[in-house]
Structures are given as C-alpha cells and as structure tokens.
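TrEMBL annotations:
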COILED    A:89-123  coiled coil
TRANSMEM  A:418-441  transmembrane segment
TRANSMEM  A:462-480  transmembrane segment
TRANSMEM  A:543-561  transmembrane segment
TRANSMEM  A:581-600  transmembrane segment
TRANSMEM  A:632-650  transmembrane segment
TRANSMEM  A:751-772  transmembrane segment
Amino acid sequence: MGECCPPMDLFRSEPMQLVQIIIPIESAHPTVSYLGDLGLIQFKDLNSEKSPFQRTYAAQIKRSAEMARKLRFFKEQMSKADLPPSKSARQVDVNVDDLEVKLGELEAELIEINLNDEKLQRSYNELLEYKLVLEKAGEFFHAARSSAVLHQRENESRDIGDESLDMPLLLEQETSTDPSKQVKLGFLTGLVPREKSLAFERILFRATRGNVFLRQTVVENPVTDPVSGEKVEKNVFVVFYSGERAKSKILKICDAFGANRYSFTEDLGGQYQMITEVSGKLSELKTTIDVGVLLRGSLLQTIGEHFEQWNLLVRKEKSIYHHLNMLSLDVTKKCLVAEGWSPVFASKQIQDALQRAAFDSNSQVGAIFQVLHAKEAPPTYFRTNKFTSSFQEIVDAYGVAKYQEANPAVYTIVTFPFLFAVMFGDWGHGICLLLAALYLIGREKKLSSQKLGDIMEMAFGGRYVILLMAIFSIYTGFIYNEFFSVPFELFGPSAYACRDLSCRDATTAGLIKVRPTYPFGLDPVWHGSRSELPFLNSLKMKMSIIIGVVQMNLGIMISYFNASFFRSNLNVWFQFIPQMIFLNGLFGYLSVLIVMKWWTGSKADLYHVMIYMFLSPTDELGENQLFNGQKTVQLVLLLLAFVAVPWMLFPKPFLLKKQHQDRHQGQSYALLENTEESLQVNSNHDAHGHEEFEFSEVFVHQMIHTIEFVLGAVSNTASYLRLWALSLAHSELSSVFYDKVLLTAWGFNNWIILIVGLIVFVCATVGVLLLMETLSAFLHALRLHWVEFQNKFYEGDGYKFYPYSFALLDDDDE
Amino acid sequence: MYGFEAMTFNIHGGYLEAIVRGHRSGLLTAADYNNLCQCETLDDIKMHLSATEYGPYLQNEPSPLHTTTIVEKCTLKLVDEYKHMLCQATEPLSTFLEYITYGHMIDNVVLIVTGTLHERDVQELLEKCHPLGMFDSIATLAVAQNMRELYRLVLVDTPLAPYFSECITSEDLDDMNIEIMRNTLYKAYLEDFYRFCQKLGGATAEIMSDLLAFEADRRAVNITINSIGTELTRDDRRKLYSSFGLLYPYGHEELAVCEDIDQVRGCMEKYPPYQSIFSKLSYGETQMLDKAFYEEEVKRLCLAFEQQFHYGVFFAYMRLREQEIRNLMWISECVAQNQKSRVHDSVVFIF
C-alpha cells in the first residue's frame, strides 16, 4: 500500500515487535537514556518477582530519591522566600555525580543559614516579646502606682480636711505601710497564648488555691512565637504570688502552657533603661537578620536559576534507574538483558540509539538487538496528531482496540460530529460553538502550556471535536433552516404563497406552490404552521432511521475488513454475510421504502407495511403497495432473514470444534522433522497449548452473540430515533426561548423589560442550549458510537502502548 | 431503632464508614510484611513503605533514618486520619470516636505522672506521649503531688474526670499507686465505653461488647499475672477487674485467688475462646502470651469488618492501625539492631 497512497496509520494500529536488547553493563545507562530520549520502546518488567530494594540499582534509585528530596527542600524554601524558579539563560552541562555533591553542599549551606537565621530570629522574637512585656507590665505598674498615689493623696487630703479631734489616731498607723506585717510578694511576668489564657488562669487559681493575683493585658497584634516561629495572639500577664512553693508551681504551670517568662524590675528607672537597652539590641539584631536574609536570598536565587534543569536531570536519572531495574542481569553479570515492545518502524532508530550509546560510552561491544517471537498480544499503538488524538480518545474511553484491529476512530472523525449536529441543528448556535472552538484553537499555544481547570481542560482537549461539531451543526442548521429557531429565506424565496389574503393569519391552508421547490433544506414557510410538527417529526424520524441503518451497515462492513485481515473465513461466511442479510432484509428494506416513498410521493403507511410484513406476509398490501411485486419481495426478504438466524448461530461453533480437533490430530502426527521445524512446532504448541476448547462455552457464546445481534437490529434501529428526539427537543426549546422570552419582552415596548428579556434570553441560550444541550447531544452521539456502531465489530480488549519517554515524564510525576 | 440501622445509618454514618473501609484496605498485607522482613536497612524499609499509604509521610525524611522517625510518621498518618474522621462525624459517632482515644489519655497521664516522679524532663515526656491521647493541660500534670491534686488541678477538665471518682486518695504518688490508678481508670473507662455502646444498641452494641469484653478479659489476665508476687491483696485485685466480659463474675473470683501462672492458665482454660490461646503456650510461659492475645484480637477486629452499619469498624480500624505501627516498630528495631532472626517474634500479620 506504501507507494500509491499516504500511509494510513490510523486504520490499524502500528505493527509491533517484541525486541530483546542485550546491553553491556558499562553502556547500560547511556543506552537507556538514549532510548528514553527516543521514546519508542516499552520495557517489560523482567524482575517482577523481586521487591524494589532487592533489585540491581536500588542504591542508585535511593540516591536519586535523596536528590529529589533535596530539590523539594529547595523548592519549599524558595516558595517560602517568594522566589519562583526562574528560567536560566545558560544551560550548564552537569554531571549527576557532581550534582549530587553540589546539592549536598548547597543543602548544608542552606540549612546552616537557616539555623543561624532561626537562632537570630528566635532571640529577636524573644526580645520583641520582652519589650512588649516591659511596655505592658510597665503600664500596669505605672497605673497601679498612680492609683496608689491617688489613693494616698485622697487619704492625705481627707486627713487634711478631716483634721478634727475625733479622728482616731490609729488610722494613720494602719494605712502607712508596716514593714513587719508585709508579706514578701513575688511576681512573674510573661506572655501566654491568648487561647490558652483562660485555662492558664484557671489552673493557676486551682494550683495556688486562689492565692495569686493575675493581671492580663491583650497584645493587639499577633506576636511571633520564638519557639515555633508562628504568629500567635498573646496576652501579657503579671502574676503576684507569695511563697516559694507557689513560685515553683507557677513556674511549672508556665512551662506547661508555653508561657514565656521575662524578668522585670519594679524600679521605674530600671524599666526605662531596660527598654532602651532592648530596643538597641533589637535594631542591632534586625540588621544582622537582614544581612542573613539577603545572603539566603542570593543563595536561593542561584539555586532557582538552575532548579528546573536540575530537577529534570534528577527525574530523568531516577526514571533511568527505575527502568534499568526492569532489566534482568545476565548470569555473567557482564550484560543486561532488556525486553520490550517497539513499533516495527522504530527498529532503525533504536539501533541508531544503541550504536550512539555504545560509541559514547567507549564500550568495546555494542548492544545486541534482536526481534523475539512473541506469545502474548502486542500493545496497541496509534500514531495520532493533535487533531486525531481527541477522536482516538473518544474510542479509547470505551476500550483500547485489539492489536491491529480496524480502528473506529477513523470513521468517528466524521460520523461523530455529524450525529451530534443532527441533534444540534441550528446554525446560530453552531456559529456560537464555532467561535468558542476557534478561540480555543487560536490560543492553543498559550493554553496548552498553562494549567486549566477541570472542565476547561476537557473543552480544550476536545477543541478539534468541537470545531467539527460546530461546522456540522451549521450545516444541519441550514438544512433545518433554523437560526436561534428563526427561519431565513437564505436560498431564495419560499416555494409557497398565499392563494388569497385571508390565509395570512391562518397559516393552515390555502397555500399554493408558486415557485420550484426550495433548493436547500427546509422551506421557511413551514415555520409556525399547524402542520409544522407532524411534518418535521416524520422527516426527522425517517432520516434518523436511514442514518442509523447506514451507520450499522458500515459497522458490519468493518467486521468484514477485520475478518479478512485476520484471515478468518469463518467470520466472513457465518457472521458477516448472515448479519448483512438480516439487517438489510428488514431495516435496509425499510430505508429503501422510505426513500421510495419520498421519491414517488406515495401515501403508503410504512408502519402498516412493516408490521404486516411479519404478522401476515401473505396478505395483499392494497393501497400501501409502493411497487409491483412488493409482496413477493417481502416474502423473500422475510425468509432470508429467518434463514440468517440459524446461519449465524449453528455452523460457527461446530466448525471451530472441527478445526480444533484437526489441529490436535495434525500435531500428534507431526513428528520426526528436522530440528528447526520441530522447534517451531513446539513453540506453536506452546502458543496453543493453554487454550482448551470447551464446546459448550463456545456455543453459548455464539448464542448470546446471535441473540444480541437479532434483538439489537431492532433495538439499535429504534435507538437511532434519539437523533429525532433530541433534535426535536433542541428546536422546541430554542423556539420557546425565542417566542416566550424575547418576543414577549419586545411586545411590551419598554426598553427596561426588553433589556431584562434580552438578558434572560442570552442566559437561557448559553446555559441551556449551548452548554446543557451540547453536553446531552454529545453524550447521545457518544452512546450511538459506543453501543450501536461499535458493537457490530469492535473487540476493544487491547492495551495501550506506553513507551518509555522523557517527554512524558512531567505528566506522570506530579 | 433496634435492628433498623440499615435504613438510616447511611444518612450520617455512610460517608465515614466508606472512608474507614477505604483506609482499612490500605493496611499492610502479609506480602508487605514479608518484604519488610527481608529489609537490610531502615532505608530499605522507607523505600518499601514509600509504595504504600505511608509514602507521602516518609518521603521528605533525610536519609539516616531512625526507628522513632518511622514510628512517629506512621502515627502521624493515623492521627491525621482520625482527625479527619472526627471532623466529619456527627453525634453519636463523634462521641464514639472520642471514646477510642480515652485509653491513650489514661496512658499519657500515667506516663507523665510516673515520669515526673522519676524527675524526668516534662518536654521529653510530652514527646513520648501518644498524640491521640493529648489534651490541653497535659503538661500541668507535672505539678501535682498526689491523686487529689492531680484530679483537682488538671483532670477535672478532661473527659477522664468521672473515672477518677474511685481513686481519689490523698496518698502520695508512687509506682504502685500509679499502676493501681491506671488500672482503676481503665476499668472505669472500659465499663463506661461498654455502657455507651449498649446505649447505642444494634450491631454496634453487639460487636463492640464482644470486642470490649475481650479487652476487659485480657486486662484481667494481665493484672493477675503482673500482680502475682506483689503486695496487692486479693480484694484489691478483684476491684481492678471490669464488671463485664466473659470472665465476669465467676472467672474473676478464680483469677483473684491465683498465685502463679499455671493457676491462671487452669482457670482460663475453662473458657473455650481462651482455650486456644493458652493451648499454644507451654506451661509456665508468659512471654508469648501477649502475642497470642494480640493475634486473637486482630482476628476479632478483622471480623468486625464483616458487618455493615455499625461503629465497631472505627474502633477496629484504629486498633488494627496501632497494631500495624507496633509491627513496623518491631521490624524497624530488629533491622536497626541487626536482630533479624527475631523479626517474626512479635509481628502480628493483619491479613
């Protein structure tokens, strides 16, 4: 096929081969690295029975994990310092071993800087807290003293005022301080987290049986806690107590509550001195810390410049060793044996890569590349581009194609948007959709590089699907002649006109044909007439059936291509042919009748024809006859359909059984050949040895298939009627929004109501028609493809080809 | 609602039951343990665990690992899961979940009190406490000198307060008193938990009473064995047994008068469920008893997952995870101390 036409990669998946590569151990690393750059080979895990740490390169993986951890540490530090990793202009070549050393050094340096910084920060915060305590407690003492002074003065003034004879002499003695009676009150000051302050007070009270005096003041701004380094809301407290035992208890309680204590002098002068001292220290520390932060910032800056490159390198390194671990070690421990799948076309590239690797690592022996005979089915690999990939995704979501099976994605590219558009026929809405798709495609480069939301991601991924869906909807919109449910006379005037003036309002009867038939799509005159719905329903229903029968026929045709590709005559003769006969004998015939009815303008009742074709095939058709000899044709078709059922059911399992027996007999006689051939027989035997032939199972399987097909032919055809139903719903909804919202609002002749109506109309159009209806039409189109179309031929039990590629690394790591 | 939990359980409990069953499927399997037992270094253990649910918790640990770090991180995972479930829970499940932690609270109280008695640093002790049994003023415990103070100062604010009613004495704290206090508290806690589960009714009551009865019986046996040869009187000993369980009341009478391990064995073998445990041990042996009990417990906990619509799964999951962490600790210790031959001594496979 290669010469005449361009390669048709999508029709069938790439031919694959199981390759074995024997790599000398010294060039193993560059080899895997080059193969990762190439990204066309999927390694098989040959050590699956070994646990991860028992494998050959476990130590190297640990090393890479350690480096990755350091890089994560840097990243965290950078994000803490608000320094995003910048794209470095110069790419320096780094060796992994050097990098490891370098990372270790950098980490140590950074940790040391952090440690110093933390120490400084801690003392800084402590001083800050101390200052707060000094201020707040000072305020308190000051207030207490001034109130005491006031009190004293009051007393004095009273003394002066009341200096009468009856003043007891003892009073003065009592108010004046008596040093002998005075208990030595100790006090502690400090800060306690605000949320704990209540419990703190309670415990203090309980522990000392109420013999304390606690005073708390709220600190307005959150304070950085010296120990944890977090911002915490705190209270300054002063506790007065008496006695040493109480003191030790209070100290313990303070510890328990994380309350930081600070010494404090009662002396006013001392306080001022302390405050100035602390402020001085604070500013000193501040400059030191600033210098430290600057140093750290510059260090992080240099790390940030290389961060991306290092990160990539480490990840590559880790994945290389991870894949090296999949290779089995030769007994001599001199070479590694790799097995993996690769597309056939890639053999040359892989060999090139192997040669380059051998050359670069100065290895004496090159790697040996050989193709193995594979027992299990190879993976499925389609070479898609950005246009076809989203359609391939639609098919893969149902099931990955079997190896080299016909790929429905090719047909889906056209049929999917088309079926969607049948349900979404409105060229106004189509244009909206088209604009959205064009926007997504136009900003493709920009959008693909950034992270999008969940829904946006989906819309972006399917942008080309949406584009085709939009174009097809515009097309079907022209056929339905709907623009936001309004018909236009785009392709010339309507073919019909009024016979007289009276019919203008009635729109029921009285139209006569004055011109040739409207050239393309629906005649706009149908819109708003009483017979609009019956006419459209009949049209769309018939159209749905024809579309359905055509698509199902396509599906059965593909099953023929599959059968001929896999050289299974059985499937051609006992599956494809009876299926074609059955489907076309009943529903193909119906489609022909539909077309014939359109062509001839007959008034035959097709329901009647179809139903009585089964119930009483020998009756005369009467007025429902569309062509001569219809009765005979129907009888023949019915007979053929009845014959097709056992034809599908019985021969295949019996023939399979016979084939199986033949094969076994042949094997028992095929001995005494030369060695090479007998080896081949052996390997053949291995391939088939496991499959046991269970006749009953095969028969039941075939029976299920037959029943499914026979019933499916009816139900699937009926299922295509959803095309009509959805398209009806869409046009009705849009006409409701147009008539009831926009036209009603217009009728009020008030611009406020008009604007409100317009807003409601736009919201309803976008929300219901453009989003929800799109979604539902999409889902129904999806169903029609997955179930009605693909069940005719698609096995979908393959598995995807996941090549080892550095290009795919970013996605799966994070 | 007896017997009709299935109709309404999922309104409040369905989400969390799903969560806890999901967590359960993350428990390490026998294959995991086999792999772990073959590890040569702690880094190997980390590497293996990184493929399990513990992965995210261990991945940022720098390489020379310690057993304590592994255990700490694994416990952190359990605590995170517990907190998540507690946040989502409504009554009465939230109370049920809180009940699960009271055991740890008692252990922590005892740990701190014993520690301060032996003049250990409070901060150091706090690090050793189980994070599930933490409460606000736990550090203040160090201030207390005797039980009365302990109660009045700190514990009156905690959920443990009601359990204390039986052990308020003015005696000074000493090792013996503390141990008695622990057991009294535990007894009161188990009885309370049992009553609470009975009140919940339905499958929860059925399954939890089985699990709690096993716990109570195990404690009774342990108390008996540990108190042999001490100055604890028979009456005091009997007071420490919980007033439910398979052994209650006749087994307790017998256990109370036991003087050596073989007598304990004799009286336990009358109870069919415990016969199998003791039949595995040779006479006079107590070393393997713990493991035998753990194995039996794990078996019963796993059975709790066989029924739906009850709270027992939460209890069972927490216990299984704790057992798993104990296993990991044992394996890591064995690996760290090069005692790999003993690795199977104390590991209880969960599945």
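Cβ from N, Cα, C; glycine included.
Tallying C-beta pairs under 8 angstroms between the transmembrane segment (A:751-772) and each of A:418-441, A:462-480, A:543-561, A:632-650 places A:418-441 first.
When the stretches A:418-441, A:543-561, A:581-600, A:632-650 are ranked by Cβ pairs under 8 Å to the transmembrane segment (A:462-480), first place goes to A:418-441. Counting residues 6+ beyond its ends, the transmembrane segment (A:543-561) has Cβ neighbours under 8 Å at 406, 408, 411, 415, 419, 422, 571-572, 575-576, 579-580, 583-584, 587-588, 590-591, 594-595, 713, 716-717, 719-724, 784, 788-793 in the same chain. Mean pLDDT across the coiled coil (A:89-123) comes to 81 in this model.
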